[in-house]
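> Can you read through this structure? Questions will come right after.
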Amino acid sequence: MSTSAPNTNELNSPVLETQPLAGDAALLHSSIADGYEEIIRAPFDYLLNLPGKDVRSKMISAFNQWLCIPADKLEVIKRIVMLLHNASLLIDDIQDSSKLRRGLPVSHHIFGVPQTINAANYAYFLAQQELPKLGDPKAFEIYTEELLSLHRGQGMDIYWREASKCPTEEEYFSMVSHKTGGLFRLAIRLMQLASDKNCDFVPLVNVLGVIFQIRDDYLNLQSHAYTVNKGFGEDLTEGKYSFPIIHSIRSDPTNIQLSSILKQRTTDVDVKLFAVECIKATGSFEHCKEKIAELVAEARQLIKEMGNSVPGSAEAVDRVLDLIGLEPESS
């Protein structure tokens, strides 16, 4: 009995290829997916509904006293930043093995890691979908640049932690400029794109980003309110090289106690209290306060140099500094 070879035309037939859905079928599948929107967004919406200070939105409003962009574009930028900020928190909490966020269980402990990662990634693209409303294709370029910057900074931070490598202060500042500064810069660059004012606030925003992060690092180890919201000394449990920890380790390289505690990822309160005393003994908390004061002075100097091009700048920068938890200095 003879057998015939397969017909190559049949094997290559378009019938065997996946065809795009058309007409009613496409609408049906779209409708089904739309019905899952709340489920897909659930980890994100849970985080969004937790009480927060909404600092970034308030800062955008404060800077708009100078940039005066139209209200509709201002709301678009606020939405973009809100989506990105909360998406990054979802990912941060997973990468840091966090347990609490704003005093309640983190999203991935409720919805699971896979669903939470998907919700965070979904939010990145919801934010990107807002960009055409700004009416300038350069918005996509800014968005991509700053998201790449944010992920570079996050990668540096994670590497130091996982490799138990204590960075220098200069490396820390570079990381913060990318990670924390990225979202601040994204907001201000999109605002400048939408404004007819000729002001460059990026240098100021870079300084504010560093102030914000050092303050956060300080409060993580010294604030009762922070303990309630995120747990006591969470940075120690994460093994994170925060600003006071970096200063303390580098102030006394022969003392390996603090670096050893970081490697343990301890949840023991007594061990963490001992670590805080080690940090205090090297004057590292005072160093934080001194560095913040120095950076606040630098921010004020940047405003001063802008001169008359930014009317009312002194009062506005006080409001911005106040928003990130610093009392305005008396002049």
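Here the Cβ of each residue, glycine as well, is placed from N, Cα and C on the backbone.
So Swiss-Prot lists these for the protein:
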type	residues	note
BINDING	Lys53, Arg56, His85, Arg102	isopentenyl diphosphate binding site
BINDING	Asp92, Asp96	Mg(2+) 2 binding site
BINDING	Asp92, Asp96	Mg(2+) 1 binding site
BINDING	Arg101, Lys179, Thr180, Gln213, Asn220, Lys230, Lys240	dimethylallyl diphosphate binding site
BINDING	Asp216	Mg(2+) 3 binding site
> Excluding Lys53, Arg56, His85, Arg102, please set out which residues of the same chain place their CB within 8 Å of the center of the CB atoms of the isopentenyl diphosphate site, keeping sequence order.
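Near the isopentenyl diphosphate site, the remaining chain residues are Gly52, Asp54, Val55, Asn86, Leu89.
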> When you measure from the Cβ of Lys240 (dimethylallyl diphosphate binding site), how many other Cβ atoms are you left with inside 10 Å?
18
> Given the binding-site residues Asp96, Arg101, Lys179, find the one whose Cα is closest in space to the Cα of Lys53 (isopentenyl diphosphate binding site).
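Result: the closest of the binding-site residues to Lys53 (isopentenyl diphosphate binding site) is Arg101.
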> Would you count the other CB atoms within 10 A of the CB of Arg102 (isopentenyl diphosphate binding site), including those on all shown protein chains?
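Taking every protein chain into account, the count is 15.
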> Of the binding-site residues His85, Asp92, Asp96, which sits closest to Thr180 (dimethylallyl diphosphate binding site) by Cα distance?
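Nearest by Cα distance to Thr180 (dimethylallyl diphosphate binding site): His85.
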> I'd like to know which of the binding-site residues Asp92, Asp96, Arg102, Asp216 sit within 10 A of Lys240 (dimethylallyl diphosphate binding site) at the Cα level.
Asp96
> Per DSSP, Lys179 (dimethylallyl diphosphate binding site) is which: helix, strand or coil?
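In the DSSP reduction, Lys179 (dimethylallyl diphosphate binding site) maps to helix.
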> What does DSSP call Lys240 (dimethylallyl diphosphate binding site) in the simple three-state scheme?
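Where Lys240 (dimethylallyl diphosphate binding site) sits, the three-state DSSP reduction gives coil.
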> Long-range neighbours only, meaning 6 or more apart in sequence with Cβ under 8 Å: which ones does Asp96 (Mg(2+) 2 binding site) have?
Glu234, Glu238, Lys240
> Find the longest CA to CA distance in the recorded isopentenyl diphosphate-binding set Lys53, Arg56, His85, Arg102; express it in Å as a whole number.
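If we measure all Cα pairs in Lys53, Arg56, His85, Arg102, the largest is 16 Å.
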> Based on DSSP, name the secondary structure state of Arg101 (dimethylallyl diphosphate binding site): helix, strand or coil.
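Going by the DSSP assignment, Arg101 (dimethylallyl diphosphate binding site) falls within a strand, counted as strand.
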> Between Arg102 (isopentenyl diphosphate binding site) and Lys179 (dimethylallyl diphosphate binding site), what is the CA-CA distance rounded to a whole number of Å?
20
> May I ask which residues of the same chain, at least 6 positions away in sequence, place their Cβ under 8 angstroms from the Cβ of Asp216 (Mg(2+) 3 binding site)?
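Sequence-distant Cβ neighbours: none.
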> Consider the binding-site residues Arg56, His85, Asp92 and say which one has the Cα lying nearest the Cα of Lys230 (dimethylallyl diphosphate binding site).
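If we rank Arg56, His85, Asp92 by Cα distance to Lys230 (dimethylallyl diphosphate binding site), first place goes to Asp92.
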